[in-house]
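Per Swiss-Prot, these features apply:
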- Gly81, Gly83, Arg84, Lys103, Asp115, Gly116, Arg166, Arg173, Asp254: ATP binding site (BINDING)
- Asp244: active site, proton acceptor (ACT_SITE)
- Asn245, Asp254: Mg(2+) binding site (BINDING)
Amino acid sequence: MKFKQDYFDQLSGFYSQVTPQGLPRPQWLAWSEDAAALIGLKQPDDELLQGLAGNQAIPGASYYAQVYSGHQFGGYSPQLGDGRSIILGEAEGPQGYWDVALKGAGMTPYSRHGDGRAVMRSAVREFLVSEALHHLNIPTTRALAVIGSDLPVWRETQETAAITVRLAKSHIRFGHFEFFCHSEQGSKDKLKQLLDFTLSQHYPELSRDQAGYIAWFNRVVADTAKLIAHWQAVGFAHGVMNTDNMSILGDSFDFGPFAFLDTFEEDFICNHSDPNGRYAFGQQPGVGLWNLQRLAQALVPIIASDDLIAALNTYQHHLVQAYLVLMRDKLGIKLVEPAGSERDEADLQLIGGFTLLMEANRLDHTNTWRRFAQLDPNSQHSSLRDDFIDLAGFDTWYQAYQERLGQVSDVAGWQAVRAQVNPKYVLRNYLAQEAIIACEEGNTQPLAELHQLLTRPFDEQPEKEAYAKRPPEWGQGLIMSCSS
């Protein structure tokens, strides 16, 4: 790996330099060739294993933990920071630079009484979801590898330590700006320094003045809205949408007790530390705006309040428009003239009517949408109908749907497009859990097979049909722990 160190060199005081605590007897548990290509790596070898396990220095790496704060479940935590993640620097790849971070590489000044370790369970889940979201065409950080060991660590029970090697275009979070606004170490000059760095690295086309700052914040609002529209369309619940888990690039970031919906439930909670459902699936769009408002508050010293408010007021428009594009594609309906608020509202009612039916009839989210790839849209007798208990409700909806759809001239082509936007396979929690159990028993083959499956989520893969089934009784509606 060839590194540059722009964050380390240009933002002194925004991090602490640290030394990794290596993993004894490390072993490769998972490796993403896709992600490796981003930074010019090919096959994993023992030298790389020892380096990424924190056991020997990698030439050119700097090893630092970033400081930030954030709002967690609505309350402000004045200092958080990388408590177990160590960034090596920005690695050069064929099409740009990627931060390389070792998540679980030991204690830092920000560990807050933690041990700085990650357990194998959480490392495997982060690896799988990072790569799954990417192949679902959803903006996300990437995962290069999982490195396991036999080092015991204690959470609710004894587990083994592991490292996820994360790649990110940036690790700058909403919480970075909050820290340098609200903390004693912060100042207007440091906020401006951080924002100027962000623009120079990721938005070089924008000027480093008020006009550029406003344009940047508008971009962050739009990108965040579009990301959450993707989550809602595919049925992904992040689970811990704290502001320190929000990327300024609009990437999915910092995965814990996430879930893809099995049965469609608007109020589904995937995190057992969230009994009130602050981060329930259906709450995510509103939380996205709330988090942007917290970011805006932190930017008041350097961006005019009126401009921040004006940008925030565009969030709902960006969210709805992005959601409509995705859901029209899933349903196979075209945007017809006249476009505008009346047409959008009618389509939102059509989409909402279908999701309400799915919820009332306890249907599987992924499998139900996938059925549109086999649907004859011109037939009065929908193959979907048999899935519903409320036949009258479905018939009413389907009639409205066909009227909106119109006659389809190329049915096979229409179905093929639906198959490319309605995935057959998603990372169901029970599938991840089965792979984790196998890893605990020393068998990484199920993890490798699941990873490969998730790189082709839209393909039929008939030999993998079992992965598309609804979860067994033990795996239904799994609620995951924040402990990792």
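Placed from the backbone N, Cα and C atoms, the Cβ positions cover glycine too.
Sequence features, as recorded in Swiss-Prot, placed on the structure.
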residue	record	Cβ contacts under 8 Å, 6 or more apart
Gly81	ATP binding site	Ser16, Ala65, Gln66, Val67, Tyr68, Thr108, Pro109, Tyr110
Arg84	ATP binding site	Lys103, Gly104, Ala105, Gly106, Met107, Thr108, Ser111, Gly114, Asp115, Gly116, Arg117, Ala118
Arg166	ATP binding site	Ser85, Asp99, Val100, Ala101, Leu102, Lys103, Glu126, Ser130, Thr141, Arg142, Ala143, Leu144
Asp244	active site, proton acceptor	Tyr68, Ser69, Gly70, His71, Gln72, Ser77, Leu80, Arg173, Phe174, Gly175, Asp254
Asn245	Mg(2+) binding site	Gly70, Arg173, His238, Phe253, Asp254
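Take Gly81, Gly83, Arg84, Lys103, Asp115, Gly116, Arg166, Arg173, Asp254, the residues named in the record as contacts for ATP: the widest Cα to Cα gap among them comes to 23 Å. Counting Cβ atoms from all protein chains shown, Asp254 (ATP binding site) has 22 others lying within 10 Å of its own Cβ.
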